[in-house]
Structures are given as structure tokens and as C-alpha cells.
Amino acid sequence: MQLQTEGGLRILAGLLLVRIALWLPPQRGETTMSALPNTTATRPDPGMQVTTFDNPMGIDGFEFVEFAAPAGQAVKLHDYFRKMGFSAVLRHRSRLITVYRQGGVNFLLNEDPDSFAADFAAAHGPCACGFAIRFRTPAETVLQTVLGNGGEAVQDKADTRAVPAPVVKGIGDCMLHLVDRYGDAGSIYDADFEPIDGADQHPTGFGLTFIDHLTHNLYFGNMQRWSDYYERLFNFREIRYFDIKGAKTGLVSKAMTAPDGIVRIPLNESSDPKSQINEYLDAYQGEGIQHIACFTEDIYTSVEKMRAAGVSFLDTPDTYFDVVDLRIPDHGEDVERLRRNKILIDADPDTKQRKLLQIFTTNCIGPIFFEIIQRKGNEGFGEGNFQALFESIERDQIKRGVL
């Protein structure tokens, strides 16, 4: 899936779509909390309302995302993480695995040649070959419960996992690590990793603080399977189902959230062979993680530093910013700074309060990209930006002869 400037709106609108599905007021039996639980991640704006519900396994946020690339290509990932403001802080004692960190966000880059990660990269190209969720319950107990509920164990080279934690199959057969060592319990990296000489172990980088959400792109017909999988294994819940159709294409998104209200995974599929979802599936040669969203408390500074370091972001037409004041009165943001950085703004549709700022990078790891997001009391995902941009997708596709 190409993310050149001329096609940027096509992708931008598609990204906004899968976030619309995540906004929904608390349902019966659910509660809200005004801040995140006590993890190592920085807390966002305390005015945010995070939906929570019964959490029998003690899910407590994301621990890391693991990346890999075919032989000789990992240097590009090292370079890109540094451009995003990450610092290499740990290296595996016996294998080619590096931990990059910024705030509470951990990215693992696995270059071990005889490993699950290497095989995954050989099949998919540069990729996200795994991710980890934190649990307050002992990980082995979680594993047995998960397997008893129908989870699938990873058999192929499971002994080459990046960290000493139980794993089960995740999206596209990636590794889903079950981590119970974090915070006051120590670190999952203590046993096998050692600090890099001179590296600050708690770098703030460009201000990214935690993983806000990550999305899965699925083959048509697999959405129910994966929503059932997360619900059955971890008590995830569907908080919104969204079906959108443009003039010629469409897609469906089901937003799943974990009981902690922090681990959020939108599931996307489309029956249209030329849709944005299927462009990804063709490029990635399978289902997988589409993008990772990272939270910041100052999106302007974060984006400006990333741009200066060489990170490319999707473009947004100037006409979008011409009507910001009309669409969101008294928003209090610097429109010229929004325009200069191409940052999108949204607000609660009824009150025009509780703002959200967001921007997306171009493709950077195969068809995978990143979102930078700041929430100012807003748990939405940019739904106010969506319709016009989605229509722009199709106009762009028609212009390029795709439709």
C-alpha cells in the first residue's frame, strides 16, 4: 500500500474510520476511571474517562511491540526508531535483539537469524512479529487459562522468543507474549538483557509516553473469529461495530477493548478487493498489525522534533485548516501550528469540548505505520474528521485508476 503524498488522504481517511469505532459511552455494567492504572507509562490528561469492566486476569496495558526484518534490512528500522525519538537501552546477552525505549513505550528489534522472528520476516518482509500485554496475574496462570479457553500455543521455534514469557498465537500467527514482570515486580528484560553502556534507561525522547492502541487488518470473514478469540481468552469486549460504505468501496471495523480500558485493538476487514484493507493484506502477504498509536502530552513538540529528524507524515490539504474555527469554536489551539505540522483536531460532537489531536506517519515498516495522538479529555478517535476524508480516498483512487 503506497503512502505517497498524492494518496495520503486515501490512507488518512481509512485510518480515521477504524478509530471512529472505538468511541462509545460506557455500557451497562461498565465503569469509568479518570486516569490510567499505575503502570510505568505516563498518565494522560486526568479528565479522560476510560471504560473498564471485570478484569479477572489483571490486564494492565501493553509492554512492547516486537519488530523484525529480512536479513540485511534491519538497519532501516534502527534508523527509523531513532528518528522517532527512541533510544537503544538494552541488548540481549547472547542474541541480536535490541530494546528501544521512549517514555513507557518499548520496541524490540529482533535480528536473530535462527528465530521465529526471522522466519516471520522472511514471510512478510519488515514486520511486527509480536506484541506483549501485561498481567497482574502470574503469567503461567494466565497461559493455562488462555489455553483452556481455546488459545493456541506457539510451536514453531517458541524457544527463540525474545523474552522469557509465555506466548500464544496472535494475529497472523505472530507471538502474543504474556508478561507479568514489570513495575514493582521488576522487568521482563532483567534475565536476558543488559544495559547499553552510557544509555539512559528511562529516556523521554520526543515525548511519547505509552502505546495508545494498535490495529489488526483481517481477511474478509475473519473478524468474528478474532473478536471471539480476544473475548474468550482475555474478556475483551466489543465497544462498537462500524460499517461504512463510500461510493465504490467500504470496510467494517469492530473495536475491541480489554478490561483495563487501555489495551485497545480495532479489527478491520473489507469485502472489496481494492479497499485500503486489502491493499495492506496484499503488501504484507497476510493478516497483521496495521499500525501502532503512541500517546504524547505535547503533539506539537513531538511532531516537530520527528519532522526535524526525518520522519515523514501524511499530508492534509490546507482547506481542512481553513474551517477548523467554524467546525470547533473556541478550540484554543494554534491553527497555524496545526496547519504547519498537518495535525488533525477533533472534539466531542455535541459539546465541542474534550479535544483530540492526531497525525499519521507514512508507511515505514513494510505497510505498517505509526500514529501520534494527544487526548485532551477525549476518548474518541477523530470521528469528526472522517466523512470528507473518506470520500477523498475514493476520489484519489478514481483519479489514479484504481477504481
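Every residue gets a Cβ built from N, Cα and C, even glycine.
If you check TrEMBL, you get these features:
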type	residues	note
BINDING	His213, His291, Glu371	Fe cation binding site
DOMAIN	210-359	domain 'VOC'
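Broken down by DSSP into helix, strand and coil, the domain 'VOC' (210-359) contains 48 helix, 49 strand, 53 coil.
Other C-beta atoms found within 10 angstroms of the C-beta of His213 (Fe cation binding site) number 24, with every protein chain shown included. Packing around His291 (Fe cation binding site) is summarised by its Cβ count: 24 other Cβ atoms lie within 10 angstroms of its Cβ, all protein chains included.
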